[in-house]
C-alpha cells in the first residue's frame, strides 16, 4: 500500500494503540529507499507447522541462534500486526545495501538433547519460518527427514539473493543449503551469504511474484461469476414476472371487491395479503434485538463495500496487517450507520428504551468478535503462540469501542430517531392482532427460513472457496473486483428470495414477515458454516487443538457477521416491497 490513504490508516491505527507501539525509526525502511552500504534489516518473524497457518510461534522459540550485531536501527508495528501475531525480531545479521557477503558463519548452536528434540519435533511437523527484508516476505523450511523418517537434518546455510532497482529493493529469494544431521552433543554452525543483483522489476510491481493468477483467475473462477450472474438475471426476471402478474391479478380482484356492495362482499371469498393490512406493520416481536441486528447488518454491509473499494484502489496486501487495520478503522468510522438505521427502526416500532438499544447495537458485533478472540487467546497463551494478543492491544481495542464506536453510534441513533423515526406506515395498525389461520406445512415461517438461504449460498459458494484458501492457506487474495461482483450478486439474490418468501407468507395471511425476511436471508450463514466443515476436513490438513479452535471459532464469527449482513439486506429490500404493495391498494 503506497498511497496516502494507507498511511492515514496506519496513523490512525497507531494512535489507537495508545502510542506505545511505535519506536523511533529511520526513513529508509518506511520510504523503502536506501543509500549504498546503508543497513538493510533482516527481520525474523514466526515459525510454525506448514499445515496450520495460524499456529505460529516466535522464530527464536526454536533453539536458533542470532547474529552478533545487536543494534536495532528501525522497527514498526501497527494494530493489525499486533492482532495477527506478527513478531518481528532482529536477526543480528549484518546486511548492507549493494554489499555482497560471502558465506559467513554468524553463530553456532550447542545441540544438547533438549535442543535436538525441539528441532526434530519441528521437522516432523513440517515447520516453516518467515522472515522480512524491506517488508518483502521470505519463507524457508527448518529441515527435512530421510525417507525412513529416522534421521533428521537441519538446513544451516541461508543463501540470500536480493534484487534492486536503483535505490530500492524489489526482489528477495532464499535458498536453504548446508544440510546437517541432528545429533546430540554436537556444535552446528549457522551461516549466511548475500548476493545483490540488478533487476528490471518496478518497485510498484515487486509483490506480483507472490500472487497466483493461475489460481485466482482460473476458468472455474470466471465461470462461477458468469454462472452467478446468469442466476441473478434469471431470478430477477422470474421474480419480476411472477410478482407483477400475480400482483396485477390481486389488485384487479381487490378492485372488483371494492365495487361490490356490502352484501356481496360479505358473501365473497376474501383471502390473500390484503386481509392482513391491519397487522402487517405491527411492530416485530423483540423489537430491541431486531432493530439492533438490522443496524449492525447495515454497518457490516457498509464496511464490506468500503473495504472492498479501498482494496481495489490500494494494494493492501503489500503491507503487514493493512487489511485488518483498514477494516477496524472503517468499522469505527461507519458506526453512525449502525445507530441511524437501528435507532430509526426502533423508534418506528414504538420502542422507548432507545439508550439500551444503542448500547446493544454498538457492542453486538465487537462483543461477539472480542469474546471469540478472548476464548482463543487462552488457548494461544497455553501454546505460547505468537497469536496470543498482548494486553496492551486488548486495551487499545476496548478504547476504540468505548471512545470511538459508542459516541459515533450515539450520534447516528439521535439522527435516526429525529430524521426518520416517525411511523409513517401506509396502513393503520389494528388494536387487536388478527388470528393467524392454519396453512400448509411448507408455508410455515420455519420452513421458509430454512429454504431461504439456499439460493444466496449457491451464488457465492465458489467464491467462498477462494476466500477460504487465501485466508487459511498460503495464497494472497487480490481479485477484489470479483469480490465486489459477488457482493452485488449476493445482495440481489438475497432481496429477490426474501421478497418471494414474504409474498407467499403474507398471501397465507401470516403477518410475521419481519423476522421471517431477516432469518430467511440470514440462513445463508448456516450453509456457509456447514461448508466450512467440508473445507476443513476435505480441503486442508489442519490438526491440533489451537488451529481447530482458531478455524471454527473465527469461521463462526465470519458466518454470523455474513448472516447479519444478509438478513439486514433482505429485510430492507422486503420492507420496501411491503410498503409499496400496501400503498397501491385501497384500504377501507
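These residue numbers are counts, starting from 1, taken along the chain as shown.
In case you wondered, yes, glycine gets a Cβ from its N, Cα and C as well.
Database features (TrEMBL):
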SIGNAL    1-27  signal peptide
TRANSMEM  222-244  transmembrane segment
TRANSMEM  288-312  transmembrane segment
TRANSMEM  324-347  transmembrane segment
TRANSMEM  359-383  transmembrane segment
TRANSMEM  389-411  transmembrane segment
TRANSMEM  446-468  transmembrane segment
TRANSMEM  480-506  transmembrane segment
TRANSMEM  518-537  transmembrane segment
TRANSMEM  549-571  transmembrane segment
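Count of Cβ pairs under 8 Å against the transmembrane segment (549-571): among 222-244, 324-347, 359-383, 389-411, 446-468, the largest is for 359-383.
Under the criterion of 3 or more C-beta pairs below 8 Å, with sequence separation of 6 or more, the transmembrane segment (518-537) and the transmembrane segment (446-468) qualify as touching.
Note: the stretches the transmembrane segment (324-347) and the transmembrane segment (389-411) are in contact (3+ CB pairs below 8 A, sequence gap of 6 or more). Of the Cβ pairs linking the transmembrane segment (446-468) with the transmembrane segment (222-244) and spaced 6 or more residues apart, 3 or more are under 8 Å, so the two regions touch.
Sequence-distant contacts of the transmembrane segment (480-506) (same chain, six or more residues past either end, CB-CB distance under 8 Å): 216, 221, 225, 228-229, 231-232, 235-236, 239, 242-243, 246, 273, 276, 280, 301, 304-305, 308-309, 311-312, 443, 445, 448, 451-452, 455-456, 459-460, 463, 466-467, 512-513, 516-517, 520-521, 524, 566, 569-574, 577-578.
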